[in-house]
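Straight from TrEMBL, the features:
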- 1-274: region 'Phosphopantothenoylcysteine decarboxylase' (REGION)
- 3-38: domain 'Antitoxin FitA-like ribbon-helix-helix' (DOMAIN)
- 88-260: domain 'Flavoprotein' (DOMAIN)
- 270-485: domain 'DNA/pantothenate metabolism flavoprotein C-terminal' (DOMAIN)
- 275-492: region 'Phosphopantothenate--cysteine ligase' (REGION)
- ASP362, LYS372, PRO390, ASP391, ILE392, LEU393, PHE409, LYS423, LYS427: CTP binding site (BINDING)
Amino acid sequence: MGTITVRNLADDVKQKLRERAAARGVSMEEEARDILGKSVLSAGAAAAPEGETLYATIRSLVEPHGGFDIALPRRSQSAANRMTLSAKRILLIIGGGIAAYKSLDLIRRLRKRGASVRVVMTSAAQEFVTTLSAGALSADHVFTDLFDRNDEHDVGHIRLSRDADLLVVAPATADLMAKLANGHANDLASTVLLATDKKVLMAPAMNPRMWSHPATRRNRATMQKDGIAFVGPAKGEMAESNEAGEGRMAEPLEIVAAIEAMLDEKPKPLAGRRIIVTSGPTHEPIDPVRYIANRSSGKQGHAIAAALAKLGADVRLVSGPVNIADPAGVKTTHVETAVEMKDAVESLLPADAAVFVAAVADWRTANASGEKIKKVAGKGPPALQMVENPDILASIGHHAQRPGLVVGFAAETQDLIGNAEAKLRKKGADFIVANDVSHASGIGPSGVMGGDRNKVRIVSRTGVEEWPEMGKDEVAARLAALIAERLQATVV
Ligand SMILES: Cc1cc2nc3c(=O)[nH]c(=O)nc-3n(C[C@H](O)[C@H](O)[C@H](O)COP(=O)(O)O)c2cc1C
């Protein structure tokens, strides 16, 4: 089921397919699969072409005057199309959540990178997307039933779990998480997960209340201890109407990046190194509903944590409140205030390096109210008394257990270099990554803080190195390489 034999198509359809495939530089089979995959995705999972034959569907899609004439991008050698997963075998387990439709796109993206994808679907997953869609996109049989005699004879649940380089659960439902955390094996998906000797990556997706439930938190912590990796979930709008919060499945490209990182077997320069990274803003409460914050999005800090993990470091991220997903392969602690961030960082010592990217509030209110402050007519606004927050960079820079390499960030609107040099000396850092957040920088405060680009200078005792403006991921990769270079000079 789901495989496409171009030979069986009518001649006129075959000719049209040949022309389209040649224009994009792909095989006719790949073109047919892409057209079908795109039509399934754009039509929505519920409207998958069930009941029609694959061939009739393809005919309706490629016929010049009949069906939809779907335009697909010309194949390029862009990063998205590099064969980064060539010959890798992924077993994708699709759980029963609304985000299952995104897993169809995930299959397509993994195959474009050279991976072969075998799919297991839970019975709940089949309420959301069809085996026909998953089969067409993976070009393979889709496995659904633990007690299917044919499947058990041909492949078997044990081989299914071992004949893969990586198991990916997307969406990982609260139910699948609970099953694996507690060792249940009462359907094909949970049995395969329990029987595997391979790495497992989970991409959870669920209602924010389900995600924040103590039972789900406990299950996640148990699985993390068992060595299971997680990507996401992110904060944002949920597919259900009027729901927002943490629980949205990571985007397919984020899941692909996590898979690439987990399957990357090249020797890694930061293997065996523990690195602490802080990221995001802090929220300093005024009362239970109001707080003082800043514009930091956490994008740069999270990208640095991910880039260090990619080089093999054991990264411990301490994140303030942000709306982005925890980076894959990184152990993340979530905090709200500067005081909580300092405690979390200290509890993670000793470490080989620490990178302080978080925009920590300099002050907090001394008189935060336990109750919501009421607006009283004629009384005027409340007077907020501010006290200084602990200086996390300075305290770790001068700590008895100071990491071998301490990197600070400085966001300044004036005298960038002068301020960064002063910070370097005062705080005991090895280098400061300085960004100009003034409007004169060309990116501007709301660009650097919240945007996707950054322009930094590396200020150290030996001088100032100016880096050109680039994406935050590129800044992160370059900084991770610099940290690896510095640490390589140190004996483990
Ligand atoms: C419309 C609808 C949407 C659902 N979405 C989710 C979801 O996003 N995440 C989740 O954990 N469960 C979700 N559920 C509940 C699961 O489908 C249910 O727990 C099911 O037993 C999961 O089975 P599985 O883990 O075997 O796939 C949803 C249920 C319905 C009816």
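The backbone N, Cα and C atoms fix where each Cβ goes, glycine too.
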Worksheet item: For the CTP site made of ASP362, LYS372, PRO390, ASP391, ILE392, LEU393, PHE409, LYS423, LYS427, how many Å separate the two farthest Cα atoms?
Response: 37
Worksheet item: In terms of DSSP three-state secondary structure, what is the assignment for LYS427 (CTP binding site)?
Response: helix
Worksheet item: Non-local Cβ contacts of LYS427 (CTP binding site) (under 8 Å, 6 or more apart, same chain)?
Response: ASP391, LEU393, ALA394, GLY397, HIS398, GLY408
Fill in: Three-state secondary structure, which DSSP defines for PHE409 (CTP binding site)
strand
Worksheet item: Around ASP362 (CTP binding site), which residues of its chain at least 6 apart sit with Cβ under 8 Å of its Cβ?
Response: GLU388, ASN389
